Amino acid sequence: MGAAVFFGLAGIAFGPALALVLLTVAAEPLRVIVLVAGAFFWLVSLLLASLVWFISVHLSDREDAKLQYGLLIFGAAVSVLLQEAFRFAYFKLLKKADEGLALISEDGRSPISLRQMAYVSGLSFGIISGVFSVINILVDSIGPGVVGIHGDSPYYFITSAFLTMALVLLHTFWGVIFFDACEKRRYWCLGLVVATHLLTSGLTFLNPWYEASLVPIFLITLCMGLWAFVTAGGSFHNILKCLSCKQEDDSRVMMYSALQVPLED
Amino acid sequence: MITFMNNSDSEEESCNERTSLMSAESPPVPSYQDGLQASEAGEAQAHRKRRTGGSCNPTNMADGEAPGRGVPVRASTSESEEEELTLKYGAKHVIMLFVPVTLCMVVVVATIKSVRFYTEKNGQLIYTPFSEDTPSVGQRLLNSVLNTIIMISVIVVMTVFLVLLYKYRCYKFIHGWLILSSLMLLFLFTYIYLGEVLKTYNVAMDYPTLFLVIWNFGAVGMICIHWKGPLQLQQAYLIMISALMALVFIKYLPEWSAWVILGAISIYDLMAVLCPKGPLRMLVETAQERNEPIFPALIYSSAMIWTVGMAKPDTAPRGPSQQTWDAAEDGRENHRSPSHAASQMSETSPAPTHPITSLEELEEEERGVKLGLGDFIFYSVLVGKAAATASGDWNTTLACFVAILIGLCLTLLLLAVFKKALPALPISITFGLVFYFSTDNLVRPFMDTLASHQLYI
């Protein structure tokens, strides 16, 4: 362990997130605000879930390991449901903000679209969720130590990093799908998002049997990615157009600078 | 810390921060917004910081809270456009404050986590005389409450003293006090900080080099803060001295007292800014009566001037121009400096004078946002204390960080809505405290248990 492990893990876990933030979010102030506010909403949901778990633990028998494990599962499930509930609450808030922005803008359109806000909010949930899951592990990896010396898996760090990366991407995709489903009132999509979140969280209970947990989670990530891409309006045609770097025809009227004052005779 | 978010008395008149940023000694430029001069001055008052610092004796604690303020842009165009501009620039203003607040907190947290000196207990300030080393919980709580009462009363006394000084026009006294505090901060505290950092990393430095480094750092800092200097350098210096101040607070305030003081100071901030007889409000009104621009003492300003020319084909706004700051030398300043055991924050008044270009060029102007350095300091104290005492846990620090940023965002939103001076501490500190205690006690065990089984939610 050491700096190499730390940087490697941090890169695996947060590389995509960092790239996405730097390329798409950092330049626009409104998106940054949506990002931070999304993190706040996720934190509040975590707080409530921890409260529920804490109370349940204190009301129960501490010595019973099985019961504690059961309560942990219960706490995780409550947390997932609360996260989705707060995602819905954030959707409502952003919808209102969108309407407000559109109202006060010159041309009746808000400077940020609901789709962009969906993406940024999903990203924010993902980043804060990933950070809270893995930051202590990352910091511990800088120091000395041997992983799994007591019989646990020696791949703890790297699987944690990959799981975090999957989680960040999953939250981003869920954000896009969720907001779109709320917009179009497709409640089966909502249910599916919640179900996949519960499934993903449940799959991590199979750790350290990593073949059974990591591989399905990455498959789910891929599927969610495709679904989100299609939901956001992407298609094969779009990809081809993007890859061929064709420029759109400029349909604007000739720019005024091309007009010239007629020369004086 | 009271932070002014806006001029409370100029709702009728559109505020133009531009002239409020001008130094006090320079004559008011006959700008095209003559009618706004008064509101300008009034607006400048909003920067008044409560000053609680005493003389620069080592045991003085001054509570420096610079009023923070955001200034909504007033466009000369229609109301709806004005509102949109407010919001559009509002988002920019929020980011312009997020960045320095984040930088200050990062510096403080990085120092706390690496340099042992600032987490060691080495005595207490004279303003918190009661020790917390008592065996019983009740006694400890009582001691911390007593410490808080003493500290807050010192702050109140200092602020009232400052108001009186300002009322009776003792500008030279205030000015001298400020210079002495910033001298102490820039030289003495930097020397101590540098010494501790060198000790931590076991780097040797000889005295001549040290003298050269400290002298240059301090001298350039004094010039930048009190006189002219590039905007970004000045901002960097203000961030650094806020971080130094916050570190000293973190070191010398005992555990429970620090939390109670944070809570009490945000309540005091709320009252001092919003109540009719609050010291800060009285200061603002006095300055407005005299129609003087306030010497914005320790205030962080991120002023930018955007000029959008109407007749030019290129209507893209030029980026933030480098402004030269012109410190007011007449000593009229009003600031609240967080006092630290040995220093008095000198309130510097960054008063940039930008060359007033021709009328046609200044179609639209973006005003910068101002936030008092005291707010920086107390935000950093909260996050730093979370980093120092949260049992090695980074989740708590991050939660407090997000909470403070959201509080700042909400405060700026309220500013855009109410358009008057607002305290920037209460919302952020409340969120920060709630998140600190709940994360440390509820979330941490939950996340630790989940992580030990490698469960993800």
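Just so it is clear, glycine is given a Cβ too, placed from its N, Cα and C backbone atoms.
If you look up TrEMBL, you'll see B:1-79 (among others) marked as region 'Disordered'.
Marked as transmembrane segment by TrEMBL: B:94-112 (among others). Among residues of the same chain six or more beyond the transmembrane segment (B:94-112), those with a C-beta under 8 A of the stretch's C-beta atoms are 68, 70, 118-119, 193, 197, 235, 238-240, 242-243, 246-247, 250, 300, 302, 304, 368-369, 371, 376, 379-381, 383-384, 387-388, 397, 401, 404-405, 408-409, 412.
Annotation comment: TrEMBL describes B:145-166 (among others) as transmembrane segment.
For B:173-195 (among others), the entry in TrEMBL reads transmembrane segment.
Residues annotated as transmembrane segment in TrEMBL: B:207-227 (among others).
The transmembrane segment annotation in TrEMBL covers B:234-250 (among others).
Annotation source TrEMBL lists transmembrane segment at B:256-275 (among others).
Residues or ranges marked as region 'Disordered' by TrEMBL: B:314-355 (among others).
The annotation compositional bias 'Polar residues' is assigned in TrEMBL to B:340-351.
Among the features that TrEMBL reports, transmembrane segment is placed at B:398-418 (among others).
Among the features that TrEMBL reports, transmembrane segment is placed at B:424-443 (among others).
If you count C-beta pairs under 8 angstroms between the transmembrane segment (B:207-227) and each of B:173-195, B:234-250, B:256-275, B:424-443, the highest count goes to B:173-195. If you count C-beta pairs under 8 angstroms between the transmembrane segment (B:256-275) and each of B:173-195, B:234-250, B:424-443, the highest count goes to B:424-443. For the transmembrane segment (B:424-443), the residues of the chain that approach it from at least six positions outside its boundaries are 1-3, 5, 65, 67-68, 259, 262-263, 265-267, 269-270, 371-372, 374-375, 378-379, 382-383, 385-386, 390-391, 393, 395-396, 399-400, 402-404, 406-408, 410-411, judged by C-beta separation under 8 angstroms.
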